[in-house]
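Trainee: Let me give you the structure first, and then I'll get to my questions.
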Amino acid sequence: MNRSVKDTASEFPAVAGRLNAVPSQSPGYWTLVRKRLMRDPVTLIAAAVLVLIVLSAIFAPLLAPYDPFMGKITQRMKPVGFAGHLLGTDETGRDMLSRLLYGGRLSLTSGIVPVAIALAVGGFLGISAGFFGGPVNSVIMRVTDIFYAFPSILLAIAICGMLGTGLFNTLVSLTLVFIPPIIRISESVTTQVRSLDFVEAARASGARPFALMRYQVLPNVLAPILVYATSLVSLAIILAAGLSFLGLGVSAPAAEWGLMLNSLRQMIYIDPLLAALPGVLIFLTSMCFNLISDGLRSAMDVRLKL
Amino acid sequence: MKFSLKGAVAGLLLGTMLGSGGAWADGGTLRIAMTAADVPTTTGMPNNGFEGMRFLGYTVFEPLIDWDLSDPSKPADLRPGLAESWEVDPADQTRWTFHLRKGVKFHDGSDFNADAVIWNLDRFFDDKSPQFDANGSAITRGRNPLMKSWKKIDDYTVEIDTKYPASYFPYIICYTLIASPAAFAAAGNDWAKFAQAPAGTGPFRITKVTPRVSVELARNDAYWNPARVPKLDKVVLLPMPEATTRLAALRSGQVDWIEVPPPDAIPSLKSAGFNVVTGVYPHDWPWEWDVSEGSPFHDVRVRQAANYAIDRDGLVQMLNGTAIPAKGWYTPDHPLFGHPKNDYTYDPDKARALLKEAGYGPDHPLKAKILTSTSGSGQMQPVQMNEFIQQNLAEVGIDIDLETTEWGTLLVALRNAPGSAPTMGANAINVSFATSDPSWLAKFFHSKNKAPVSSNWGQYSNPEVDAVLDKMELEFDPARRDAYARQVNELITDDAAWLYVVHDMNPRAMTKKVKGFRPAQSWFQDLTSVSME
Amino acid sequence: MLSFTIRRLLQAIPILLGVSILVFLMVQMIPGNALDLMLPSDAPKDLIEKMKAEYGFDKPLWQQYLRWLWMLLHGDLGVSIFDSTPVAATLFDALGNTFVLAIPAAVLGFGLGIFFGVTAALNNGKAADKALSMVSITGVSLPHYWFAIVLVVIFSVELNWLPAQGMQFDTLPSTVEGLKSMVLPVITLSLIPMGVVSRVVRAAVLEVMSQEFVNTLNAKGLWSRSVLGHILKNAAPATLAVMGLQFGYLLGGSILVETVFNWPGSGNLLNLAIFRRDIPVMQGTILVLAAFFVLLNLVVDVAQALIDPRIRR
């Protein structure tokens, strides 16, 4: 089934316009991509900031000055810059800096893991649907249509309401939410690639399906799918935080930015700066992923070779 | 702030009209933000728990026996409501006779009499009556499982038989409210339509219902008790489940009164010129722990140790004084508190000693899992407070694994015995409770009421307590019944049947314009004395 | 065109059926139901059983589903367990309140988005493009529910210009106060559509502009209003698709914003139903929102086909 323009656009923020499937194995392609990226200061800065955030989350146990889960109740709600607590303390006297560092672990996990799993599952199903066409395509795509009938946040909330709170359930629900759009994109791109001349030629010359998939199709579809997936990470982070905000996501006493945002919400009239910190980090991280996704897209887009 | 011209003109006109009416025109409008997520049902049997009863139950509808909310200095007790008096038959202690008040009219003008009472009892307790209300019935029956039969003796006398003798029946019948049968007929015999134009006998009548947005009440000038005719002209009730939203609404002048401001916001509210009103009421915020064999809390020494390990004053300080330390089931100054041997002060050394005696120590720490909710009715600041307790217990060597879930899931866990799947392996559940009257003691501490049968989640079983509770149920003399309740409180305190943490003080914040509010020591409050400046 | 429309309509039927099964199963898996919350923990067991029978929860799942489907086909969404009101009436009331916000938010978000997108594309690579790109990327990166609280703090509590919460009118705003109560929620809701649409429009316009005939026209100095018109027409299908999806998102995704502003819309209703385990309300709300989303996709497909006949097959 030939997918129309509509299917490649999406409610998911960063997919702008259609994804073009074009031969990307031409020699020097990746060199070119790298070159373009090196000339794109915005993407480079975003990447640098993101690397910093990721590293600080990974090395949180080394960097954090305090235990993020144990505070001193007498030291609660100290302002940013308070002696001994660089970013203040939260409502039970836990060090904010430590909690924000540790919080990055869960927030990044809930951003990256669901997208990665959805990419593997959805990519596999979507590429299969696009590659084999016919009944395989019909079965996969019709089931996808059903899931696709739910706006993402609605589906995430419904699934989380059903499974209950906790990190694991958040990851499951977000993964389920992202599988359908990835299937759609993958199927669409694969269908386009399959009908391209050089693939047709390979098929005509008697290439076996596996070889065709491995050498002709995969290399050409992975890039656009990957670019799309990076843009979903930002959405995943915001959705995960939103779930925690509604009390459906990661549950206390875990350190997670959305949860911290929620529990500090009442402090907004008392210490706005403190209450804003987790929100700023969610925004910053999500922005970095969006900028990187944009940068990758324009760097990989061969149309710019004109 | 701009005014709409239309509104100003209407206001002027209304002002002139009311002005000519004389004395009753000066009450003003009180706008209250409730914590409920929805407008409680207006059919005379509100949902949304006791908050629903507080604002859309007793304000508009009345029970046969009502709460006396007039004296803020002592725990609220019962007083005659739509029944002027009642008595139990000494020969048959299941038979109660109620003598009804004469001359009372519903808001729609129809008469209150024995037929109305029987009609309402049929509404809740007879599935086959045409006015049967499945939803209201479920709530009422939950609170009143004792009804066996009821009949009219004459126009102003009603007789009710209970399933078994229960001395505290008055504390149970007080949750059954009376609505107007004529208004139900006028609504086409449909409770959903009745909810739009309800009629009770209370001091306020409902004038406008906007589902999920607001309910407006107006003064019932024809109220049967002239002393309790409200001073206010109008009350507007708005559901606002988010604490931050309530705070914003109060601070931006959208409402005059909010229920439960976040404790941390209280100092800033006070300095911004708002009044914060607190008052003790029958509320417990405990851990109900599993005391059965195999549970870490089976050993009474462990339970006492935990009770000694908590810095309740520090916790109260964290809550900005919106709670008082709990040392038993009743508040320490309650007439039924008694004199338990254990006074649970903050004594970590004693706690460590008790734990050591029970065989725990630094090399053999006690581990337990606690389940609580992220929010919920009466839960106060559950996550923050449990984290505080977790810190306290860690200091004496009790290692707490804290699990939070949302309110609905927690209530499901509470219905199931410890160890079953819905309880998620918890050794204790943190759920707050009303402790309005002695009948509740049996629900929580009698061994026949172990979950999943009833509310004794922790499987507490103490033959001595059971015996006293049984005697209490059959003691119809209030003073002697109270003595038994006192004895139970002493026993369950020394036995550390629960981890007693705090009693809520139910903070409310209001503008300085709100006058005359006297917080009763009750879940329910009297708005008739309130006026707006 | 007609056959295309009919074909798409027919395709929607199995999807809707699948959606109904999925919604039903999802809701069934939630632990407990409203009765657990409504009745005290010492409620007699026979009362609980009786209430379960009242709502048909005692029947096997497939029977419950068929009963629900049968009611659905008769336009009946059942009755709320919590307050015995018909779900359909409550839901349509709530949906109306959501639309009151969603439509102006869509107009604002789409309008700004298209304007920003076209302007950015026409200034490709220049400072204006960079600035607008940052604006749109901010729109999609902000946790908008949090941004909403910040707006309330500034405009309601500090400046006292706008109400902090609630819908200050019954169905449609007729007073200044009513309109004022819409300002903050509409702005918050319009952020994401603004960001997404402007990015899509920018990309779509750039793509059309890169096509050779535009370059040829351009080279011949024929750059004119008609060329711009042509570009916009060709960028329209992608834009339309994303706008359709975004409108669906405004309806389904309003849950967070409605929670912050205490707005009595469908998102608020769903949130409440989830926390109360009010199964009929949950089922009805999710189903109607999803059905609306399916229908919206269908309308977008047909509209695209009208603009661009190549899409029809």
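Heads up, the Cβ atoms here are built off N, Cα and C, so glycines get one too.
Just so you know, TrEMBL annotations are computer predictions that nobody has curated.
Per TrEMBL, domain 'ABC transmembrane type-1' is recorded for C:95-304. The feature transmembrane segment is assigned by TrEMBL to C:12-30, C:99-122, C:143-162, C:182-201, C:240-261, C:281-307.
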Trainee: At a threshold of under 8 Å on Cβ distances, which of C:12-30, C:143-162, C:182-201, C:240-261, C:281-307 pairs most often with the transmembrane segment (C:99-122)?
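Mentor: When the Cβ pairs under 8 Å are tallied, C:182-201 comes out ahead.
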Trainee: Any residues 6+ beyond the ends of the transmembrane segment (C:143-162) with a Cβ under 8 Å from its own?
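Mentor: Distant Cβ neighbours of the transmembrane segment (C:143-162) are 180-181, 183-185, 187-189, 191-192, 256-257, 259-261.
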Trainee: With a Cβ cut-off under 8 Å, give me the same-chain residues at least six positions beyond the ends of the transmembrane segment (C:281-307) that come close to it.
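Mentor: Distal contacts: 1, 4-5, 8-9, 12, 15-16, 19-20, 23-24, 26-27, 30, 68, 72, 77-78, 80-82, 87-88, 90-91, 94-95, 233, 236-237, 240-241, 243-245, 247-248, 251-252, 266, 269-270, 272-274.
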Trainee: Give residue numbers and ranges for long-range contacts of the transmembrane segment (C:182-201): same chain, 6 or more residues beyond its ends, CB-CB under 8 A.
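Mentor: Same-chain residues near the transmembrane segment (C:182-201) but 6 or more away: 100-102, 104-106, 108-110, 112-118, 120-121, 132-133, 135-142, 144-145, 147-148, 151-152, 155-156, 162, 173, 235, 238-239, 242-243, 246-247, 249-250, 253-254, 257-258, 260-261, 263.
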